[in-house]
Amino acid sequence: MGIFTIASQHIRFAVKLASAIVLALFVGFHFQLETPRWAVLTAAIVAAGPAFAAGGEPYSGAIRYRGMLRIIGTFIGCIAALTIIILMIRTPLLMVLVCCIWAGFCTWLSSLVKVENSYAWGLAGYTALIIVITIQTEPLLAPQFAVERCSEIVIGIVCAIVADLLFSPRSIKQEVDRELDALIVSQYQLMQLCIKHGDSEEVDKAWSGLVRRTQALEGMRSNLNMESSRWARANRRLKAINTVSLTLITQACETYLIQNTRPESVTDTFRELFAEPVETVQDVHKQLKRMRRVIAWTGERDTPVTIYTWVGAATRYLLLKRGVIGNTKISAAEEEVLQGEVVIKAESAERHHAMVNFWRTTLACMLGTLFWLWTGWTSGSGAMVMIAVVTALAMRLPNPRMVAIDFLYGTIAALPLGALYFLVILPSTQQSMLLLCISLAVMAFFIGIEVQKRRLGSLGALASTINILVLDNPMTFHFSQFLDSALGQLVGCFLAMMVILLVRDNSQARTGRVLLNQFVSAAVSSMTTNTARRKENHLPALYQQLFLLLNKFPGDIARFRLALTMIIAHQRLRNAPVPINDDLSAFHRQLRRTADHVLSASSDDKRRRYFKQLLEELDVYQEKLRVWEAPPQVTEPVARLVFMLHRYQNVLTDN
């Protein structure tokens, strides 16, 4: 799409962004706020951020959720700033350095929490730094400054939310309904591929695509939950559908793997049933009814366990899907499905990556402090703030370098655009509030169009331009002050980008190895006779880690197959009829301890030693299963697991 083109679907959000900025400006001046610029800047960032991420108008609830995160982050940052000032007001240099460490700590935390919640911690880090830097000349005004910042940011967020509600926000419900129908058809087609036992590359492409779509549906569920409380019932059902969809993928892929060694396990009856093509959800529903009749006639024992489980999961999917689309009262049958299992959350595999982010942010802020003190530049503080903002917000995203470049382009574009407004437009509007609002609305409208196109530098240009304009009360026009602010932003972004480029993040290989070992640990831990452990649902957490693996190593099919095999082993062993006795229970605990040692080992040598010990213990465990006459439903998945661990031993132990 060209830089000068305006698509019709982009106009509504551009008007919404302009309205949010104008409303924040009007309220700020009407109530005689000290710095209305903060309210305007907050309204712009809260409204434009989700649009840039979505590549279009954000769905209903996204702006409100981002606003709530900004309020939480601001309050945490203000409390931290006041605490640091109270404890270290007599040592200004130490106070600033501790603030740099606080910014790094918040970046570390934001790297470990869910991506959608990381914004609050990133904001908490640089908010404290902004307050500490701003009150250097008058430290006794810190409480007043913190209260003013909180109140003006809340006003900006309220204005953004009001503008969002005024222009009928887009509901994601119809997208959810369409995706639910399309997803079950794709699930059926994956099962057809697996039963045909065709090309492995085609199967890999199909299941990895379904993992991404299931993850995307979970993101839609979060948006729907933010949209309105009336979707609470749909939200509960969609949570369960996430697990059901992942179960369908797992059972289909296990069907494919079983046929590698035992192609006769899938009977001709089911091959014929799955041979019929399906195009719509009605076709899937019709086929499932036929399969349930066949299963009822032939009996569960004569039905392959993966197909039996798959048909049951697909039936539950259709039941829950119907409830989501109609948003009806939850029936007794649905309630039984919804209360089935306790979902376990995934443990972060990016601790080393988080520590790299901590050092990047801390070093960048300290470098800014040294630059400020060494040069004595009046806008060194502005450069420091930009360093903190760029590093705090960039680190959690997949490509921090591109975020830094986006900010750098934005600050470069803000220099001529800001100069036009500062020297020509704003001085001409001093006698009319209406003209001032119109002038800013025009700028917001056109930048809002570019933000939705995800134009590089557009979001940074919007924030940087508003930041250097004199939207204070009263407005004063000193060109030297404007130039200092603009250059301070530019230098800050450049220094932040240099730190991101120089402090390399070599944690990718380590993260990949940790993820794979987490899959191994989950598979080993599923060997248990404890009823409570068996009821724990690890599937969403395991697929969340698989999704991270897909993003970290795109195209590495061997890793994906290994991870998927571990997930299949986990699911099969979790439901396997393991003989119940004290001997096996004690050995299960020993296996879990050894798997935990592999996961937490601090060096490659220790990891290899513990992994070798785990393989030896698994050989002993297989012998114990033979002694206790365990059925094939137990011995076969254990043998498959041991074979995979032997085959990929180097990948699982070496960095």
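Glycine is treated like the rest: Cβ placed from N, Cα and C.
Taken from Swiss-Prot as is:
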- 13-33: transmembrane segment (TRANSMEM)
- 38-58: transmembrane segment (TRANSMEM)
- 69-89: transmembrane segment (TRANSMEM)
- 93-113: transmembrane segment (TRANSMEM)
- 121-141: transmembrane segment (TRANSMEM)
- 152-172: transmembrane segment (TRANSMEM)
- 370-390: transmembrane segment (TRANSMEM)
- 407-427: transmembrane segment (TRANSMEM)
- 431-451: transmembrane segment (TRANSMEM)
- 459-479: transmembrane segment (TRANSMEM)
- 482-502: transmembrane segment (TRANSMEM)
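The transmembrane segment (431-451) makes no contact with the transmembrane segment (93-113), as judged by fewer than three Cβ pairs under 8 Å among residues 6 or more apart in sequence.
At the 8 Å Cβ threshold, with sequence separation of at least 6, the transmembrane segment (121-141) lacks contact with the transmembrane segment (482-502), having fewer than 3 such pairs. Outside the transmembrane segment (459-479), and at least 6 residues removed from its termini, the chain residues within Cβ reach (under 8 Å) are 21, 25, 28-29, 32-37, 40-41, 44-45, 48-49, 52, 406-411, 413-414, 417-418, 421-423, 426-427, 430, 443-444, 447, 451, 485-486, 489, 493. Here the transmembrane segment (69-89) does not touch the transmembrane segment (13-33). Their Cβ atoms form fewer than 3 pairs under 8 Å, with each pair 6 or more residues apart. Take the transmembrane segment (152-172) and the stretches 13-33, 93-113, 407-427, 482-502: counting Cβ pairs under 8 Å, 13-33 has the most. Under 8 Å from some Cβ of the transmembrane segment (93-113) lie the Cβ atoms of residues 80-81, 84-85, 119-122, 124-126, 128-129, 132-133, 348, 350-351, 353-355, 357-362, 365-366, 369, 373, 388, 391-392, 395-396, all in the same chain and six or more residues away from its ends.
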